[in-house]
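Heads up, the thing below is written out as structure tokens.
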Amino acid sequence: MDIFKVLSRGIKAQPKKNQPGAPQLLPSAGAKVNPQFFHDNVGGANAKRGKKRKRKGAQANNATESGDEDDDASDVDYFAPKPTPEELAAKKDAELKADEPKKQKPKLLEENECRQILKSHRLKFTVLAGRVPQDEAATEEKPPKKQKKQKEDRKKQEEEEKKKKKKDEDKKQIYPQPLNSFGELKYTYGIHPVLADNITRQGFRVPTEVQMGSLPLQLRPEMALEKATDVEDVKVEKGIDFLGVAPTGSGKTISFLIPAIDAIIKRRAEDYTPETDEHVLQAIVVAPTRELASQIVNEGRKLAIGTGVRVVLMKRTLRLVAESNEQEETEQEAKEEVQDSDSDSEAESEPEEVMKIDEEEEEEEESDSDAEKKTESRAKGDQKFKKERPITRVDILVTTPKILLNFLCGGEKEKGKPRIIKKTLPTVQSLILDEADVLLDPIFRKQTMGIWRACTHPNLGMTCWSATMASNIEALLTKHIDKRAKRTPEQTPKPLIRLVVGLKDTAVPNITHKLIYTATEPGKLLALRQLLHPVSSADSGPPLRPPFLVFTQTIERAQALHDELKYDIPLEAGGSARVAVLHSSLPDSVRSKIMARFRSGEVWVLITTDVLARGVDFAGVNGVVNYDVPVSAAAYVHRAGRTGRAGREGGVAVTFYTKDDIPFVKSVANVIAMSEKQAGKDIDEKDTVKAAQGSVQKWLLDALPKVAKEDKRKLKVRGVESRRTGGKATITTKSSWERRRENNRREAIEASKRRKREAQKAQKEGGAAPEKAEEEWTGLD
């Protein structure tokens with residue numbers, strides 16, 4: 001018998017929600033000390049670490065020296081006067097110098113140690129293409145064994161061996177050196193000291209998984225593979241082509257900017273003469289949206305402070321140093337490129353998210369500043385003005401595909417004619433594709449391939465980055481890299497190395513996923529209002545707190561949802577200014593202001609389409625709401641990746657689905673299940689504790705129907721069809737009578753305008769005065 005229960009039987013227990021508890025972790029609380037997603041214990045030499053033992057003599061002295069930093073942390077003078085700005089600056093410089101280890105010969109890890117570290121962080125390197133075949137004479141040294149089997153069995157065995165050998169040769173796994181800290185970049189991998197100081201000032205200490213694996217291979221591939229065995233056929237003297245597949249928010253932008261800036265600094269130091277130009281275009285970064293391109297430019301300029309490297313965003317008024325291309329060769333290449341794109345697409349249709357991104361790019365180009373519009377209008381009437389426009393000196397160019405291709409082709413595309421590349425960029429030695437799966441999708445593929453063909457440097461390096469990468473995109477990259485290598489047979493082909501972090505095409509494991517059934521469209525609106533105004537703590541999992549993003553399927557639905565929610569936040573908390581909508585039909589200046597307000601915390605709820613689903617970094621977003629089910633598993637991965645950036649914990653991704661969504665929601669449920677498996681929340685129907693931790697349980701996965709291939713294709717192209725036609729799927733709280741009244745009035749006004757236009761047209765054609773029309777109906781009052 002529990003005596004406490006007996007004595008407290010008549011006392012009402014205090015609710016749990018009022019009891020003080022541990023503070024909740026949120027992405028908006030600040031950066032995490034360790035931004036890494038994975039760190040498994042794989043045993044081996046590192047398994048014995050952490051056991052304390054007594055030390056004597058020199059060992060004790062070494063231990064004392066290594067623990068100085070920990071002792072200093074507890075030696076704090078709480079009554080010291082406030083330091084002056086000069087003292088703060090001197091202290092900061094001293095900390096920077098203290099972080100620099102003494103320059104010494106780099107110590108490389110053995111392959112077994114590299115294998116354990118890479119495995120603990122779930123890093124997998126694979127050589128996809130570019131391996132040099134070994135001499136056949138060396139492989140045929142051993143005499144063939146006598147076989148007493150029939151010819152048919154021998155042929156079958158040989159065919160199986162060839163298939164197995166070809167499969168092993170096509171994809172070979174390697175174990176390069178990992179990057180344990182950013183301090184190794186300066187002395188081990190020899191990056192420029194100014195660049196290393198900029199990295200330290202930006203607060204980078206512990207590398208993420210993608211930075212740990214990709215930076216050594218990109219900076220010094222020979223050193224990264226020095227201790228690796230069985231890599232004789234992987235020739236990296238001329239560099240490598242790289243394909244990085246890593247979770248959202250894992251630092252992919254820094255992973256390709258650091259090697260690009262460092263390579264430009266080194267080439268400038270080697271080739272510098274007083275006659276040469278200081279700024280030569282050597283690297284191009286291609287991104288699908290203008291917001292993402294602007295973000296990359298900002299990050300690049302922070303890293304390039306004091307290095308002399310210029311990072312510029314491409315605009316229509318920009319002039320670059322380019323060479324003219326021969327017309328015949330370009331037409332032939334354009335035809336080949338069109339045929340390759342048609343054959344590689346395999347009757348694939350454009351995903352809705354890509355179509356929206358393309359629409360956004362066109363809107364951005366059309367909605368440039370007034371000064372640029374005046375410049376363009378003057379340039380149309382005065383060809384001399386175009387020639388007098390100065391050439392922009394740039395080292396790294398960040399651009400969207402269409403605007404750069406228009407510059408290379410000399411104008412907009414004409415209908416029915418293939419794009420003719422009139423200019424080439426022979427100085428570009430590095431082409432970087434951010435969100436490569438979108439840029440190589442059918443709708444962007446021709447533009448991206450045109451830029452790729454315009455970069456004619458024989459030693460061009462290619463790097464591609466994304467959180468999702470389909471196998472057909474990898475095959476397309478391999479095919480075109482091999483084709484480009486065959487054009488220069490005198491050079492050793494660069495190997496194409498792929499890095500996969502964690503499980504491929506899965507969402508980030510450090511956030512909570514929720515799949516909520518709302519039955520109908522009005523149920524979605526009610527559920528979203530409950531998230532804005534939580535009334536009960538009965539719901540399992542962490543609550544969703546602002547700021548957060550709300551994704552819808554179409555622009556019309558985003559605008560309608562904004563009209564419904566803009567008065568839901570009380571005036572004391574900021575009112576309608578706390579809710580905003582952003583989509584591709586808004587002008588560029590308006591979108592920039594909304595983005596700035598959301599980053600500064602003025603906007604708490606940002607309603608948008610898939611335009612903001614990729615690449616854009618919002619460090620403090622606490623959650624994501626998929627008001628409409630994503631059109632694909634990849635779309636869900638990128639939407640959910642707007643929270644939980646850089647390892648921040650506490651983010652929430654909520655997905656609403658109705659009865660109409662049940663045939664399509666299984667792909668999203670599978671992604672959530674795989675993400676929870678990475679986080680250790682394995683689905684187990686026998687273990688009720690594990691089942692309670694996961695948001696997608698075993699019975700739900702079994703009950704949801706499988707999505708057919710044709711349904712997936714239709715969903716990518718059009719989304720859920722009922723939401724495009726309106727009707728019952730309209731986002732509104734108005735009654736059907738009110739909506740019918742508004743529609744009748746709108747149609748009556750349109751009919752009145754149409755009759756007036758017809759009357760004016762008849763008057764112009766006939767010349768006679770029109771008869772007096774009957775009194776027009778103006779609709780219901």
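Indices start at 1 and increase along the chain as displayed.
Cβ coordinates are placed from backbone N, Cα and C, and glycine is handled just like the others.
Classification of T253 (ATP binding site) by DSSP places it within a helix. Contacts of T253 (ATP binding site) defined by a Cβ separation under 8 A and a same-chain sequence distance of 6+ are given as Q295, I296, E299, D434, D617, in order along the sequence. The feature ATP binding site is assigned by Swiss-Prot to A246, P247, T248, G249, S250, G251, K252, T253, with sequence analysis given as support.
The feature compositional bias 'Basic residues' is assigned by Swiss-Prot to 48-57.
For 84-108 (among others), the entry in Swiss-Prot reads compositional bias 'Basic and acidic residues'.
The compositional bias 'Basic and acidic residues' feature in Swiss-Prot is assigned to 139-173 (among others).
Look at Swiss-Prot and you will find 370-386 (among others) tagged as compositional bias 'Basic and acidic residues'.
If you look up Swiss-Prot, you'll see 736-752 (among others) marked as compositional bias 'Basic and acidic residues'.
The domain 'Helicase ATP-binding' annotation in Swiss-Prot covers 233-487, and the record cites sequence analysis as its basis.
The domain 'Helicase C-terminal' annotation in Swiss-Prot covers 527-689.
The annotation region 'Disordered' is assigned in Swiss-Prot to 7-108 (among others).
Summarising the annotation, Swiss-Prot assigns region 'Disordered' to 134-177 (among others).
Taken from Swiss-Prot, the feature region 'Disordered' applies to 323-386 (among others).
As annotated by Swiss-Prot, region 'Disordered' applies to 718-781 (among others).
Annotation comment: Swiss-Prot describes 184-212 as motif 'Q motif'. Beyond its flanks by at least six residues, the motif 'Q motif' (184-212) meets 31, 33-38, 96, 99-101, 103-104, 106, 121-123, 178, 219-220, 223, 244, 246, 250-252, 254-255, 258, 261-262, 265-266, 302-307, 499, 501-502, 646-647 of its own chain at Cβ-Cβ distances under 8 Å.
Sequence annotations record features per position, and here Swiss-Prot assigns motif 'DEAD box' to 434-437. Sequence-distant contacts of the motif 'DEAD box' (434-437) (same chain, six or more residues past either end, CB-CB distance under 8 Å): 243, 252-253, 256, 285-288, 292, 296, 464-466, 468-470, 473, 477, 614-615, 634.
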Number of Cβ atoms other than its own within 10 Å, given for T248 (ATP binding site) | 23
Note: among binding-site residues P247, G249, G251, least Cβ-dense neighbourhood at 10 Å is G251
Going along the chain, which residues six or more apart from S250 (ATP binding site) have their CB under 8 A from its CB?
-> P35, F37, T208, E209, V210, Q211, V501, A646
Would you mind giving the whole-number mean pLDDT across the domain 'Helicase C-terminal' (527-689)?
-> 87
DSSP helix, strand and coil counts for the compositional bias 'Basic and acidic residues' (736-752)?
-> 17 helix, 0 strand, 0 coil
Could you say whether, by DSSP, A246 (ATP binding site) belongs to a helix, a strand or a coil region?
-> coil
